[in-house]
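*Asks:* Got a structure here, written out as structure tokens. Questions coming.
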């Protein structure tokens, strides 16, 4: 799939500099961190993502979700990749239900261990794979600063902080603020739903169990903010009791990275409640409108900036903290 909306290298570097992320001193993230220690690191990750997408294109939005779910829980440290025999790691939290893409990261890591043993972190592989997934679905190409180290903990309950598909706008705004992100980041990162699908499980409450105002505690029905024709369409796709059927998050444009998701949100055609919530706040609705205005044109550029900002949450850098895992799914034993 062709990439469009590319941010030129110089422009991308300026974006990173303006965020205060690129640095020359040890202990900071920087673009090209592996240029000397493992020159083929980024190309190796890209090749692994391309191979996986060739077999299953739906893995691309899954890789975007994987980075989000890693970074929002105590920072971008690959803790979401840890597998536990006692099922008490982050990935076992119900909010990580259906998380995919770990095998792509594992494949890239195995190749990198052959090329440059003990050099490239799993946390950086997640960030690079998400960047590639954006470009391969038609979104912007952008530079990702690297130099993250892998975390030393992964606890099931830590993932309770992850936003939920049913969250209100106030809860979403506070969750993003707690992660050091603002309303613009919330709108832009929600717009990552321009690609991918969701299960009827995450839609059923809006369709059949939404509390009806003035109806008492027991009266429920369909979320009245959903246009009647769209509600009928969703109910046809997700009849009562069906929790597994998948439907596009971006109605009519689920395979291509574009601003269609924002148009759907503004028009009432958001599929999940947390997407629809962007239209319920003056602050976030104004941002959606601005990106859809005739003079916009900055959506893809700003999305790249938001991805870099998210990828910098709580990173571990330097040689005295964290580790470079030998295998992404397990902490090192030494």
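Each residue, glycine too, has its Cβ placed from N, Cα and C.
TrEMBL feature annotations, pasted as is:
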- 69: active site, proton acceptor (ACT_SITE)
- 70, 73, 75, 77, 79, 90: Ca(2+) 1 binding site (BINDING)
- 193: heme b binding site (BINDING)
- 38-116: disulfide bond (DISULFID)
- 71-76: disulfide bond (DISULFID)
- 122-328: disulfide bond (DISULFID)
- 200-238: disulfide bond (DISULFID)
*Asks:* Using C-alpha positions only, work out which of the recorded positions 71, 77, 79, 200 is nearest to residue 38 (disulfide bond).
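*Replies:* So, spelling it out, the nearest of the recorded positions is 77.
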*Asks:* Measuring CA to CA, name the entry from the disulfide-bonded residues 76, 122, 328 that ends up nearest the residue listed as 'heme b binding site'.
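*Replies:* Comparing Cα positions, the candidate nearest the residue listed as 'heme b binding site' turns out to be 76.
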*Asks:* Tell me, in order along the sequence, which disulfide-bonded residues from 76, 122, 200, 328 have their CA within 10 Å of residue 69 (active site, proton acceptor).
*Replies:* 76
*Asks:* Using the CB centroid of 70, 73, 75, 77, 79, 90 as the Ca(2+) 1 site centre, which other residues of the same chain sit with their CB within 8 A?
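*Replies:* Output for this site, in sequence order: 71, 72, 74, 76, 78, 80, 151, 154, 158, 314.
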*Asks:* C-alpha of residue 76 (disulfide bond) to C-alpha of residue 116 (disulfide bond): distance in Å?
*Replies:* 22
*Asks:* Which binding-site residues (70, 75, 79) fall within 10 Å of residue 328 (disulfide bond) by Cα distance?
*Replies:* 79
*Asks:* Across all the protein chains here, work out how many other Cβ atoms are within 10 Å of the Cβ of residue 200 (disulfide bond).
*Replies:* 21
*Asks:* I need the CA-to-CA distance for residue 75 (Ca(2+) 1 binding site) versus residue 122 (disulfide bond), whole Å please.
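*Replies:* The Cα atom of residue 75 (Ca(2+) 1 binding site) is 13 Å away from the Cα atom of residue 122 (disulfide bond).
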*Asks:* In sequence order, what residues of the same chain, 6+ apart, have a Cβ less than 8 Å from the Cβ of residue 79 (Ca(2+) 1 binding site)?
*Replies:* 70, 73, 89, 90, 150, 151, 153, 154, 158
